[in-house]
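Engineer: Below is a structure I'd like to ask you about.
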Amino acid sequence: MLERQEQISQTIVTAQQMRDIEARIFAAGMPVAALMEKVAGLIFRRVQALYPNLQTQSVGILTGPGHNGGDALVVARELHFCGYDVKIYSSFSKLKELTSQHLQYAQSLGIPCYESIEQLSDCDLLIDGLFGFGLERTLTSAIAQAINQINSWSKPVVSIDLPSGLHTDTGEVLGTAIRATHTFCLGLWKLGLLQDHALEYVGKAELIDFDIPLADVQAVVGTNRIHRITQTTALSTLPLPRPAVTHKYKEGHLLLICGSRRYSGGAILTGLGARVSGVGMLSIAVPESLKPLLVAQLPEALIIGCPETQTGAIASLQLPENTDLSSFNAIAIGPGLTRDATPIVQQVLSSDRPLILDADGLNILAQMGTIPTLQKRQAVTILTPHAGEFKRLFPDLPDPMKDRVRAVREAAAQSGAIVLLKGARTAIANSQNSVWINPESTPALARGGSGDVLTGLLSGLLAQAKSKDISVEKIVATAAWWHSQAAILAGGERTELGVDAFTLTNYFIPVLASAWKELN
Ligand SMILES: NC(=O)C1=CN([C@@H]2O[C@H](COP(=O)(O)OP(=O)(O)OC[C@H]3O[C@@H](n4cnc5c(N)ncnc54)[C@H](OP(=O)(O)O)[C@@H]3O)[C@@H](O)[C@H]2O)[C@@H](O)CC1
Ligand SMILES: Nc1ncnc2c1ncn2[C@@H]1O[C@H](COP(=O)(O)OP(=O)(O)O)[C@@H](O)[C@H]1O
Ligand SMILES: [K+]
């Protein structure tokens, strides 16, 4: 049984799930006002810790009509008692009862309350309690204008639960939204905060744990779960420690099929990604003319030079004697392949091996017809598209630019594959409706070749999976985690401009070594 904190940290909820959890807590007897008091007390202490020198400065409290506004008003009251100079913005005529009571009390204490946002223009810090997970409609007129005005000031803003204006599930901007410096997400991570297009609004996100009973979380999220990938889950999935008595073939035999005369770098980067996975045996099939290049870069790998088409793509797989596709624990195909290698993709798709398709492997699959082709497969298939490749693979599914989680979920359900949708917050889904989201990454990865490294890494981990009884989707999640943690370490040392794909491969082992040391 994982500790409570870890379980909470792994859970992501939708607005409806949060409402259902909240309803269970209230039905069990927790008074609404007491919960608000507790939550707002925790927010207040975090604000104090983050901005300790505000005694002589002023804090603006933005309040909306619902309980998000109520939270903010409790924070206002506590800051006032601590000597902060507090001002309230409240422009709604109809407030929820509890919110209205807190506003009345704050005013009775002499805290000034304004209907015009201009009155808060001299504040040093703003606390955003306009809307939380209750926001469903697009913001218009006065409130939208107020938010735009706030954003134009570029002041530090702490958003309570979510930056006001974001959709709790999709992260979509509903008209306009607060650009927060910090977001204090309450109780459980809200899905919208982990969707790509929300990121420029969220700032630094942290969870304020207010002791939601795990039984209530379990009862509501059940099996239809969205998991936040954490260091703990990632490390527990790695093929570590190795058994003392083992040999190279027991630690996974991976076949990479990649590269063409035109795109040789993709093969090298995929090979280097596989290398850092620790895989026992690495074979790489490339067009014959690339063989010397690959041997020079990866002396430990078995490089298989294959006959070439006129355009320099692999024409046929010429595996060594006594070897066929069933000799491998996993196969990855795609990076640098070009579409001229279509017959090779067809050949590996009809094998019974766990298969990872990336880049041109995905484009060829799309041409073949994604869903009917994959439905014929017996073994596990992993697809690793970016949004463009995703659209080619699944043209009839929801746009991955709008709601990435819904898109990836439907893609996995319809194809039966495990789908990893690349992005700032990579999302992974299996056909049983479970989703994993990688919560931390860096834009340092936004450059050619990063994805090839991920494919190699993931394939190498998958090939080693036999030696440990761990589900494939968890391995995929671990690869996404490790990939971005390596990039975060590299970016920290070298800036976001210094993480080319080749350099990135040097950071996998250092980042793992320090996380592993921390654990043991
Ligand atoms: N879960 C928990 O355990 C805890 C939850 N807590 C807190 O409660 C928050 C959720 O509170 P909430 O449900 O009252 O909703 P909230 O986000 O404040 O706003 C909804 C209000 O906005 C209104 N409204 C909507 N759209 C609008 C629009 N376009 N333009 C104008 N108005 C619009 C809507 O009005 P209506 O749609 O009914 O007309 C409604 O009145 C949550 O985020 C957290 O901070 C903590 O206190 C304790 C622990
Ligand atoms: N803004 C970003 N923040 C975090 N990670 C990113 C960002 N942009 C791209 N990535 C990651 O970088 C990788 C890019 O892969 P891909 O687009 O396939 O590149 P390539 O095919 O050139 O190797 C993916 O793992 C993706 O999640
Ligand atoms: K808010």
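Placed from the backbone N, Cα and C atoms, the Cβ positions cover glycine too.
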Engineer: Out of GLY388, GLY451, GLY456, which one does TrEMBL list together with LYS422, GLY423, ALA424, ARG425, THR426 for AMP?
Structural biologist: GLY451
Engineer: So TrEMBL lists ASN68, SER164 for K(+); which of ASP85, ASP128, ASP196 goes with them?
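Structural biologist: The candidate from ASP85, ASP128, ASP196 that TrEMBL ties to K(+) along with ASN68, SER164 is ASP128.
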Engineer: Using a 10 Å radius around each Cβ and all protein chains in view, which of these binding-site residues has the most neighbours: ASP71, ASP128, ASP161?
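Structural biologist: Output for this query is ASP128.
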Engineer: Just going by other Cβ atoms within 10 Å, which of the binding-site residues HIS67, HIS386 has the emptiest spot?
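Structural biologist: Result for the binding-site residues HIS67, HIS386: minimum number of other Cβ atoms within 10 Å at HIS386.
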Engineer: Cβ within 8 angstroms of the Cβ centroid of ASN68, ASP128, SER164: which residues besides those meet this for the K(+) site?
Structural biologist: LEU62, GLY64, GLY69, ALA72, GLY129, LEU130, PHE131, GLY132, SER159, ILE160, ASP161, LEU162, PRO163, ILE178
Engineer: Comparing the binding-site residues LEU135, ALA424, which residue's C-beta has the most other C-beta atoms within 10 angstroms in this structure?
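Structural biologist: Selected residue: LEU135.
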Engineer: Around the recorded AMP site, report the further residues of that chain (criterion: Cβ within 8 Å of the mean position of the Cβ atoms of LYS422, GLY423, ALA424, ARG425, THR426, GLY451; site residues excluded), sequence-ordered.
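Structural biologist: Apart from the listed residues, the neighbours are ASP196, HIS386, LEU421, ALA427, ASN438, SER441, LEU445, ALA480.
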Engineer: Starting from the Cα of ASP128 (K(+) binding site), work out which of the binding-site residues (GLY69, ASP161, LYS422, THR426) are within 10 Å.
Structural biologist: GLY69, ASP161
Engineer: Do you see any of the binding-site residues SER164, LYS422, ARG425, THR426 whose C-alpha is within 10 Å of ASP71 ((6S)-NADPHX binding site), and which ones?
Structural biologist: none
